[in-house]
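Trainee: There's a structure below that I have some questions on.
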Amino acid sequence: MCGISGYIGKKEGLQIVLGNLRKLEYRGYDSAGVAFFNLGANAEIIKTVGKLDNLERALRGKRSLSATAAIGHTRWATHGAPNQVNAHPHSDCRGEIFLVHNGIIENYQDLKSELIGKKHRFRSQTDTEVLTHLVEEYGFEWALKKIVGAYAIALINKKEPQKLYIARLGSPLVVGVGEKEYYIASDPTALAGLVKKVIYLKDGQRGVLSLGGLEIGPARPKIEKLDIDPEQAQKGHFPHFMLKEIFEGPEVLRSALRGRLSADKGTVKLGGLEGVTDKLKNIKKLEILACGTSYYSGLAGELLFEELTNLPTEVMLASEYRYAKHPIKKGTAALLISQSGETADTLAALRKANHQKNLTLGIVNAVGSSIARETVAGVYNHAGPEIGVASTKAFLSQLGVLALMALYLSPKKTAAHREIMRELAILPEKIKMVLAQSGKIKQLAKKYLKYKNFLYLGRGYNYPTALEGALKIKEIAYVHAEGYAGGEMKHGPIALIDRDFPTVALATQNRVYEKMLSNLEEIKARSGPILAIATVGDKKIARLANDVFYVPKTVEVLEPILNIVPLQLFAYHFGTLCGYDVDKPRNLAKSVTVE
Ligand code: M6R
């Protein structure tokens, strides 16, 4: 959600800022802008609505003055329509201060009234503009003291063109440390290939960057290694990031397991949890908190933990948990799942759990992110940057890590546990077999393209998969789809079934297979078209389903890892056949950093 880019150094700052805004495009935006000092040493601010191409056109022929700072922003509208006036950067009355902001200023109405009383003139409907006038009135430090809310801020000032002011509270901001130059970005992915060292600003940290060095406080900044391969943030030969990331599935799962799973020895090692081993032995209940796709992987995690460890587990939407009057018993641990590690609701849920003195654990993909830092212990996904707005590879790796965690926490390893370990180790090859049939799924997508509504049905481990499959097609192809548990069909959705309402049925051969067949009988009896995901070698299913996509057999607890892949591909092909930009679906942001 919104992207911040900035640079101070001797290079062509404007081009760097623009280049990095491109890398942040995937976060979702509807307008963009930059502020910089031009070759005549005048401050310029250029903003456009729509894609970055528009901004680049408006900037054609313009260059920034060396050794001065430049800032840029991609805006995803929250307060005020997505138009040029509301786009960032914003400036003060005198046009001297330029500022970009991610987050929300909660008390902006009060501050605005106060500033209007002091004769400040406002141009936009945004909460952000209040910041520029506050800085004009009180200076940077005091302005920060007056605001309530969340922010990542970058500011330049005509009076000090060689300085770049930054601050963070609740919204991510990273400083890339180069040789006598600094980059800033709201996401470290943008800095890959530009710097090797970064500072992940902590909440409450603020400071100023200049050619002479950096001054950040009050907490001392910690310089860390940036571990992102720039190639991972490129599409390569794939037409879309989403397809590339789906095809990364086998490697993503391998990375999640590498150095952790030893199927031969029957052991699982999770370095990130070693510091809390004793505490983990005593936990009585696990609460999984997450949003969106991460929540669905949490639902599969609940089944895994309860089956493999006997640990009572409850999954809650982080957005509900944060406001719920939820009794927390002693010995409860909270497990936060997040790809970005910055989702506002998940972060708020984590802070609530930390406040309640629960042991907090994380499964996070983005290294150095807020959730990774604020959990007591955790396991990284190691899936690499996920650029497509629709989460795909992160889901696979979350499921892989959840399986590892459940195995790690199981007090003794039975033959069943050992079989799961062996199967996990060979699962990447089975995912490859599914991916090899992407063409077949495209044909199916073509056939089903005429339908406007879908039911996604699954039971047991296939239920979270059904929910996630339905979410994918909603996000990418703007098709209405409902994920449902098979057993619930008779309690309502069966009323919808007719020849125009197809069901995508997850009907692999597991302990609820026969029950799923009964559901399919009921759908068939009402002329509902059925597209089934079934196990290779299944002889019964073709009699019931209009179309069948076969997946290799695996152990039931790992089925979501395999069965989601055809549904991701189905959504991808459906969306591209409709001509949509599947990497940047409308109205969605990659990282939802506001409530
Ligand atoms: O970064 P997170 O995993 O915390 O994000 C959670 C959701 O915002 C995310 O999964 C969202 O639902 C995606 N658009 C799913 O494709």
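Just so it is clear, glycine is given a Cβ too, placed from its N, Cα and C backbone atoms.
Remember, it's a predicted structure, so these values are computed and weren't measured experimentally.
What TrEMBL lists as active site, nucleophile is C2. According to TrEMBL, the active site, for Fru-6P isomerization activity annotation covers K590. According to TrEMBL, the feature domain 'Glutamine amidotransferase type-2' maps to 2-212. The domain 'SIS' annotation in TrEMBL covers 276-420, 444-585.
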Trainee: I'd like the number of other C-beta atoms within 10 A of the C-beta of the residue listed as 'active site, nucleophile', please.
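Mentor: For the residue listed as 'active site, nucleophile', the count of other Cβ atoms within 10 Å is 28.
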Trainee: Express the distance between the Cα positions of K590 (active site, for Fru-6P isomerization activity) and the residue listed as 'active site, nucleophile' as a whole number of Å.
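Mentor: Distance between the two Cα atoms comes out at 9 Å.
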Trainee: Return the count of C-beta atoms lying within 10 angstroms of the C-beta of K590 (active site, for Fru-6P isomerization activity), excluding that atom itself.
Mentor: 25
Trainee: Could you give me the DSSP helix, strand and coil counts for the domain 'SIS' (276-420)?
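Mentor: The counts are 67 helix, 28 strand, 50 coil.
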Trainee: What is the three-state DSSP composition of the domain 'SIS' (444-585), stated as helix, strand and coil residue counts?
Mentor: 70 helix, 27 strand, 45 coil
